[in-house]
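K.L.:
Take a look at the following structure, please.
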Amino acid sequence: MYLLIVFLPLLGSSVAGFFGRFLGSEGSAILTTTCVSFSSILSLIAFYEVAPGASACYLRIAPWISSEMFDASWGFLFDSPTVVMLIVVTSISSLVHLYSISYMSEDPHSPRFMCYLSILTFFMPMLVTGDNSLQLFLGWEGVGLASYLLIHFWFTRLQADKAAIKAMLVNRVGDFGLAPGISGRFTLFQTVDFSTIFARASAPRNSWISCNMRLNAISLICILLLIGAVGKSAQIGSHTWSPDAMEGPTPVSASIHAATMVTAGVFMIARCSPLFEYPPTALIVITSAGATTSFLAATTGILQNDLKRVIAYSTCSQLGYMIFACGISNYSVSVFHLMNHAFFKALLFLSAGSVIHAMSDEQDMRKMGGLASSFPLTYAMMLIGSLSLIGFPFLTGFYSKDVILELAYTKYTISGNFAFWLGSISVLFTSYYSFRLLFLTFLVPTNSFGRDISRCHDAPIPMAIPSILLALGSLFVGYLAKDMMIGLGTNFWANSPLVLPKNEILAESEFAAPTITKLIPILFSTSGAFVAYNVNPVADQFQRAFQTSTFCNRLYSFFNKRWFFDQVLNDFLVRSFLRFGYEVSFEALDKGAIEILGPYGISYTFRRLAERISQLQSGFVYHYAFAMLLGSTLFVTFSRMWDSLSSWVDNRSSFIFIVSTFYTKSSQE
């Protein structure tokens with residue numbers, strides 16, 4: 001049963017990919033949706049068996065790589081964090097598959113789309129169930145590949161091509177940290193198996209790791225792992241790929257930003273919590289990165305006009321909350337927020353997809369308005385998702401986001417206070433852009449074309465059912481799971497995310513945090529909604545003054561252009577790397593040294609050598625006799641004197657001298 005959870009999506013993807021042309025669009029969609037749905041049902045059964053009793057299940061299937069001290073096997077670990085992630089991934093993916101049946105019904109390449117969507121659903125369980133670093137890395141790279149294929153699905157669109165390549169390259173930058181982190185763990189612990197690494201995590205402190213430098217090995221490894229998480233989970237510096245990924249179909253956006261790709265970095269940090277607990281420097285860096293990302297993404301989202309980009313920036317902001325929750329050593333709360341976030345974020349994306357689908361693929365909110373009467377169900381779903389996103393009391397987001405902020409406050413450190421205040425201010429901006437989205441799309445006077453208004457319709461039944469189920473999750477999941485997952489004294493996690501006693505502050509945040517601190521998120525949420533109401537649908541004069549004032553116009557451009565991150569990265573990094581890649585890597589190395597000393601140089605050298613030797617063929621016997629006599633004399637002389645000459649002769653120098661001689665002669669000719 002446990003293996004079926006992982007491999008059923010692969011089965012559906014393989015059949016849809018190889019036989020989709022025979023099954024047709026409907027057959028491929030039904031097959032893949034059925035496989036992922038059964039995987040979701042089995043995930044619920046696995047959750048019931050594993051999580052309540054804290055009884056983990058470990059399956060070792062077969063050896064994979066065995067070379068002296070290096071041993072990696074195909075193994076699957078099902079513990080509490082794993083089964084929680086499996087429920088999130090498979091349930092959200094099954095609803096996205098069901099939604100895609102109607103959303104992609106008119107696309108001629110629907111079987112290929114369902115194949116890609118299922119392969120994404122396969123690689124994510126492969127990532128979360130892996131019991132060693134290499135298997136996690138396999139799922140990590142597979143998720144990146146599947147996301148590239150899905151963002152690039154409409155490959156005739158130039159922006160989709162650019163977005164897919166950008167997502168792939170930015171994630172490669174993250175892998176530049178993750179791969180050395182895995183290698184460093186093997187260097188330090190002589191294994192890639194998680195259980196062995198975690199059991200020995202407290203032993204080493206300062207170790208020689210490379211380059212004759214004495215470093216804190218655990219801190220270095222954790223920073224490298226964080227770089228991988230930053231790339232995959234769209235944290236500051238590597239967040240630019242996430243909004244651009246909106247060029248793919250809306251079900252892709254829902255799957256990537258709610259349940260699969262962006263959550264991989266958060267899960268990896270939670271999985272490696274026994275490593276992250278010991279170096280305080282790494283925790284401070286994680287906290288700072290997450291808090292800064294939440295603030296950056298929230299301020300960027302307030303003035304975006306693309307419907308899906310606003311929701312994408314809210315994803316980056318919420319991921320920042322999850323990352324800095326890990327930084328303050330509350331991994332269980334981070335995974336709890338990840339689960340809650342998956343429901344209301346998938347709901348927001350699917351509701352946005354219903355609007356875009358009905359409005360002839362229009363995504364600019366300024367060209368919408370007045371759609372509440374035409375989309376009553378979609379408006380209700382979007383309202384529920386937005387309220388849960390801003391942490392409205394007693395909805396799903398409230399039970400995790402507010403706990404994260406209280407934990408940051410009761411950390412009583414500079415990094416904790418930094419995260420608390422940036423996270424609280426981000427609540428204000430989150431509330432503003434969430435209600436701005438609602439006002440501009442559904443409530444202000446319409447700015448749409450008449451043909452779009454006349455043809456628009458609410459979501460059909462196959463698209464409405466997933467939205468309704470996700471709305472129920474956005475309403476009740478947080479309330480139902482709070483005491484079980486993060487309640488005081490719960491044994492749900494069974495030390496799977498390890499927290500040292502000195503970092504355990506959950507009880508203090510519950511009872512010692514001042515009441516005003518607990519009320520700050522609600523006050524900021526209310527203030528953001530009030531400002532959004534007064535700025536967007538009512539106060540047109542204020543909005544015009546904001547756009548015409550020089551300072552306000554520059555401020556508008558700064559936030560609308562996303563803090564100029566893309567421009568800075570392109571001007572100072574991308575251009576330099578492109579220039580280096582062409583002038584050094586391509587011209588000097590590939591077309592220069594490697595070809596001269598490689599196949600081209602060797603072939604040219606022997607060809608010129610053969611030409612020179614052929615000139616010695618004169619046809620006179622006494623020439624040949626003289627050459628044989630001279631050669632024999634030189635051979636006997638060198639063989640007798642080799643012991644004294646060997647210390648003065650370098651074979652490599654001789655080869656280079658011969659090659660350079662031929663090149664000099666050829667250039668003179």
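Each residue, glycine too, has its Cβ placed from N, Cα and C.
Residues annotated as signal peptide in TrEMBL: 1-16. The feature transmembrane segment is assigned by TrEMBL to 57-77, 83-101, 113-130, 136-155, 254-270, 282-304, 310-330, 342-359, 379-399, 420-443, 463-481, 621-642 (among others). Annotation source TrEMBL lists domain 'NADH-Ubiquinone oxidoreductase (complex I) chain 5 N-terminal' at 64-114. Annotation comment: TrEMBL describes 132-419 as domain 'NADH:quinone oxidoreductase/Mrp antiporter transmembrane'.
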K.L.:
Which residues of the same chain, at least 6 past either end of the signal peptide (1-16), have a Cβ under 8 Å from a Cβ in it?
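P.N.:
Those are 23, 28, 31-32, 34-36, 38-39, 42-43, 45-46, 57, 59, 61, 76, 78, 86, 90, 93, 111, 114-116, 118-119, 121-122, 125-126, 129, in sequence order.
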K.L.:
Residues of the same chain, at least six outside the transmembrane segment (379-399), with any C-beta under 8 angstroms of its C-beta?
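P.N.:
Contacts with the transmembrane segment (379-399): 314, 318, 336, 340-341, 343-345, 347-348, 350-352, 371-372, 427, 430-431, 434-435, 437-438, 441-442, 467-468, 470-471, 473-479, 482, 521-522, 525, 528-529.
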K.L.:
Quickly jot the same-chain residues contacting the transmembrane segment (113-130) by Cβ under 8 Å, restricted to those at least six beyond its ends, or write none.
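P.N.:
Tertiary neighbours of the transmembrane segment (113-130) are 5-7, 9-10, 12-13, 16-17, 20, 28-29, 31-33, 35-36, 39, 75-78, 81-82, 85-86, 89-90, 93, 96-97, 100, 104, 107, 136, 138-140, 142-143, 145-147, 149-150, 153, 249, 251-252, 255-256, 259-261, 264, 267.
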K.L.:
Please list, for the domain 'NADH-Ubiquinone oxidoreductase (complex I) chain 5 N-terminal' (64-114), how many residues fall into helix, strand and coil according to DSSP.
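P.N.:
When I sort the residues of the domain 'NADH-Ubiquinone oxidoreductase (complex I) chain 5 N-terminal' (64-114) into the three classes, I find 29 helix, 13 strand, 9 coil.
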K.L.:
Quickly jot the same-chain residues contacting the transmembrane segment (463-481) by Cβ under 8 Å, restricted to those at least six beyond its ends, or write none.
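P.N.:
Answer is 92, 95-96, 98-99, 102-103, 336, 339-340, 343-344, 346-347, 350-351, 353-354, 357, 377-378, 380-381, 384-385, 388, 394-400.
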